[in-house]
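See structure below.
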């Protein structure tokens, strides 16, 4: 139902609702659906930086006595967005809850990268429908990347009318106003901005832990790979100022955090949008080496923008870890061209050579898509051979999932699903084989582990990660949680290592 249809419906029903408040004044401001056409546009306007986030007096104690629940799907960027929304809720006076049954507001922070992720969200909306019947005052919201898609918003409006609000990735800072509109409106509040995006600083955050932290360094993507919806849902590439990033990380270090992950849809493009200074990811990492914090890592990289200066800086080590996630997607130059990745197999292998030369202990992981439209057996074999040649430690592997609105979704696909599944199975067998081979090399070695907490499988066992992002399980006192320790590896598994504590916590210098 579009805006005009809703207004007409309201007028038609006005005779039966004379005693109710007239909500039509809200519709002009709260029905702003997404447009993939607008989201694709890239202009030359300067990125707007907002630094004055604050709550007007009208929102003071707005959420007192109420509870919120956020379910997060997808990538680390979504996890960080959830931390920001939790911060806004808390500032409003809301309290968190871990149960939808106990919540006054339920938000689903969604992922649009694959069809399976969207199916999970609509499945959850189905479960929430009965909860809404039992608790009509419950506010249900859908936010994140799915909200930026026209087809998703249309489906919500048509088949999920128990949803009270829909907002996107560009206007999280407007959550207080969206909540207020949803409370008063009798229709679904839709406020999705299909724009290039701004940078909003000084937003409150409730971080998930006190050991590791996400820090956004940039937003958006301008690469427009033919299979990917992200440039449409996250806007253009726009970088935070380095002084803001460094200040945030120094503050986290002062508060005891041990590890920072720098976030961006394409972190290697950091600084390319600056007009007043030549400053890239390598320059930022070089400055962050001087910050008194144990570990700094970043994700996600694009091979096209991974330059020599960054490699040189990473080779200096220190608090810059030796793990690099470098999505290749395919080992075939022809496939990479159709994907619009803008690099060849040879370019990727040369980049890997440079990284390994500068960082001999570098651990590389990757993302791979199989079954892309018209992928041949020979092209798939090129992916298998590249995987062996690089010697990745592990990979995230996927069957291609068409995303409406992307160029690849319109491509003719002559690869049968059974062939795609067989290729994925073969690739995963190779991934598993190399993973256990790589992990077996750690047996007998002493590694540095940042202790995250109890093992998910055994509360008597502690779990943490090495600098190269290897999961290590070992028995020790829970007082070591949050500390850096030395562990001797005694057993190697496909996805983890087991070990024994060999000394007390490491002093971070």
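Using the three backbone atoms N, Cα and C, a Cβ is placed for every residue, glycine included.
Of the listed segments 1-25, 26-50, Swiss-Prot assigns region 'Disordered' to 1-25. Excluding 221, 225, 228 themselves, the residues of that chain whose CB lies within 8 A of the CB mean position for the [4Fe-4S] cluster 2 site are, in sequence, 223, 224, 227, 229, 230, 231, 265.
If you compare Cα positions, residue 111 ([4Fe-4S] cluster 1 binding site) sits closest to 228 out of the binding-site residues 221, 225, 228. Recorded residues residue 221 ([4Fe-4S] cluster 2 binding site) and residue 145 ([4Fe-4S] cluster 1 binding site) have their alpha carbons 13 Å apart, per Cα-Cα distance.
For the recorded site, residue 145 ([4Fe-4S] cluster 1 binding site), the DSSP three-state label reads helix.
Annotation for residue 225 ([4Fe-4S] cluster 2 binding site): same-chain Cβ neighbours under 8 Å, separated by at least 6 residues, are 329, 339, 340, 341. Under DSSP, residues within the domain 'MTTase N-terminal' (66-184) fall into helix, strand and coil as 67 helix, 23 strand, 29 coil. Of the recorded residues, residue 228 ([4Fe-4S] cluster 2 binding site) and residue 145 ([4Fe-4S] cluster 1 binding site) place their C-alpha atoms 12 Å from one another. Fewest Cβ neighbours within 10 Å among the binding-site residues 145, 228: this applies to 228.
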